[in-house]
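TrEMBL has this to say about the protein:
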- 142, 182, 190, 383, 388, 430, 472, 473, 507: substrate binding site (BINDING)
- 275: active site, proton donor (ACT_SITE)
- 471: active site, proton acceptor (ACT_SITE)
């Protein structure tokens, strides 16, 4: 019997097929090294299809399964409901004996409430025991400025954090502590709202120029503009003095945890989301991926800084931001500034972008200098965000609006790495779990290249001889994502044996502790530690609703 061609699309494919072909639902599972397809009787619509062989077409999460049956070929009748041997499992790299990379897990954003109280300590303690049981080295916690110094200047309340740190110490875990000088809420993954201190927002009501501002005059209250780093507008103190006093208070309050080595690292927040970048793509102002974002330099303090820079250059008429850079959701080619051959590469464009990025580097320089003073002898770090969209274009527009002067003809991360080296600070980078091929499948218009960006930033840091740590940008529970992290953590055949100094997993949640997710996570931890990690098989017919405590019994 002659059969027409038929495609069966993988059930995980998020998009329906666009070619009008017939589809059906099915379940894929693995057993004994073989991939097995199961489907209900008669679902093909014709029993002749039951005995057809299948082949894998395409790659990644958009694999399709095509029936192998050419026109005019007789196909034997059959009733078997399994089609096997779609292909052997892809060999995975063996990380046994590779360098030990410590694993930390971020605690929930709301672990400490607005009254500086530890939320559900018994539940958290049980979860930390589970993490400890699979070899996790420690946890990361945000010390929120908006909680600790909430009501009055230099009136600090560390009580909830003290209880939390005691639990961590009792379990013999380490601590990465983030000095979080930004607002929580409104960004990807934010499930609580923690504003800036009340006394700061009161100042902002009278003087909104303490916040980053866009061309339309919209204020971004996620963090303070770097324009007031040296301006005494916070009840007699500059912004960097406020940050220093906060860090010094923390150092004194938790001296015993430093002395005992429980606190292994202090990560210093340098901007929105704790990252050294401008808040160029705020969702609350209408930005949507993969928009290029907007320059954030229109508060009067930064504009005055720009005016002085233009006069010093001898071109006072350059004391302005670009007026042809589009808006939050523009694409580079639609703007006069970012398009190929656009004004970003003109004399004025290069002046402005150099000034804009220098303000970013200078801010990091000032705050990390004071952090070293406050935490003398302790390891400090700061985080960069992975702005990977539009990386494959000439201008790298999204990076430019965020303050990374990294067009195709310039290395914008080398000056940042050099600044980190000056302060002996580790660089923490995001998005190491993302694959360029997946980004192209999901958003081909974004011209994204996370793998290229990660490679550039990691090498800029390693070339500057500074430690490089990392974390995932989005939730990650699958082996494909973990394997990508491992590839970046321990580059294959690196002649210098370079590797990440630590990895922090985002984030502790009930989803992570579900049985199948936690088994994959445990396997990942072993590989990051350089231990043998057997391939853990899970019955595909099980209901994966048990928490991880069942694994450990």
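Heads up, the Cβ atoms here are built off N, Cα and C, so glycines get one too.
Overlay of TrEMBL annotations on the structure.
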residue: 142; record: substrate binding site; contacts (Cβ under 8 Å, 6+ apart): 107, 109, 178, 180, 184, 274
residue: 275; record: active site, proton donor; contacts (Cβ under 8 Å, 6+ apart): 269, 383, 384, 385, 430
residue: 388; record: substrate binding site; contacts (Cβ under 8 Å, 6+ apart): 431, 434, 439, 448, 449, 450, 452, 453
residue: 471; record: active site, proton acceptor; contacts (Cβ under 8 Å, 6+ apart): 106, 383, 428, 429, 430, 432, 503, 504, 505, 506
residue: 472; record: substrate binding site; contacts (Cβ under 8 Å, 6+ apart): 430, 431, 432, 433, 481, 485, 505, 506
Other CB atoms within 10 A, centred on residue 507 (substrate binding site): 19
